[in-house]
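**Student:** Pasting a structure below so you can have a look.
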Amino acid sequence: MPDLLLSSAGTLAQTAPVVSEIAWFAVIACACRYLKNRRAATLLAVGVLSFVTGWAIRLLSDCAKLPGELIAGSDLAIALSFILMLVSIVYLARIGWRTAHLLKYEAESDPLTGAYNRRYFLRALQAALAEAEAGFAVAIIDIDNMKEINDNFGHHKGDEVLQRVARTLREGVRQTDVVARLGGDEFGVIFRKANGDTGVLLERLRKQLDASGVAASFGLASCPQDGKEIERLLAVADARMYRQKKARKNRAARGGAGELKNPVLLTAAR
């Protein structure tokens, strides 16, 4: 049987089965090239690899049945099939690890800022409580005048401010600490193995945010001094943050020191 049979009109009339399979593989490969979704592309790659493995095994088995001195029996086909399957398993395991890593990152991270999300933050808090004998502190950070930024310059500018805050916080803390976006314009930081320097570190973070053109209010709670439960620690930190925000607003209204800065003008200039 010929591999390809064309009609008098020049159209494809008939193909050998192996040619059809190769053609389908080429179509799938082209589809992979233009796929934008990584998960879909990964699943498609797994399917393609499984198809090629099965096709190669069948082809080798068929070849083993052909007479000739080069392929004298089924031993060569079995050996080659085993090697191909082994390579496929290693490749699929690598794809699986990368996919699992990507899914874990997406499940734990805030897509806008790259910081951890609230789910991971709460899980990290729970883990810190399990090691409470070492002591730790949790801070709640709320950006001031975020609504004014969004209303005056658009949400894209507000997104830039959120990204700037996340970057400043991550660069300003230790590698063992956790920075997360809890939602909206609120961030959280877990200071593991907290000591007397935690307040100094928090003040340095505030100054770094001020220098970047973003004013924020901070609230800090320590374990075990302020509590040994997640809800209690978050409530204490949240209350202290709002107390600071209110005090700064009052000073701003009186034109006194420590007034709430308006980050909008600084943000617009950057």
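Keep in mind that glycine also has a Cβ here, set from the backbone N, Cα and C atoms.
Under the heading domain 'GGDEF', TrEMBL lists 134-257. If you look up TrEMBL, you'll see 12-34, 41-58, 70-93 marked as transmembrane segment.
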**Student:** What is the pLDDT of the domain 'GGDEF' (134-257) when averaged and given as a whole number?
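**Tutor:** The average pLDDT of the model in the domain 'GGDEF' (134-257) works out to 89.
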**Student:** Please work out the helix, strand and coil residue numbers for the domain 'GGDEF' (134-257) from the DSSP assignment.
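**Tutor:** Helix/strand/coil tally for the domain 'GGDEF' (134-257): 66 helix, 29 strand, 29 coil.
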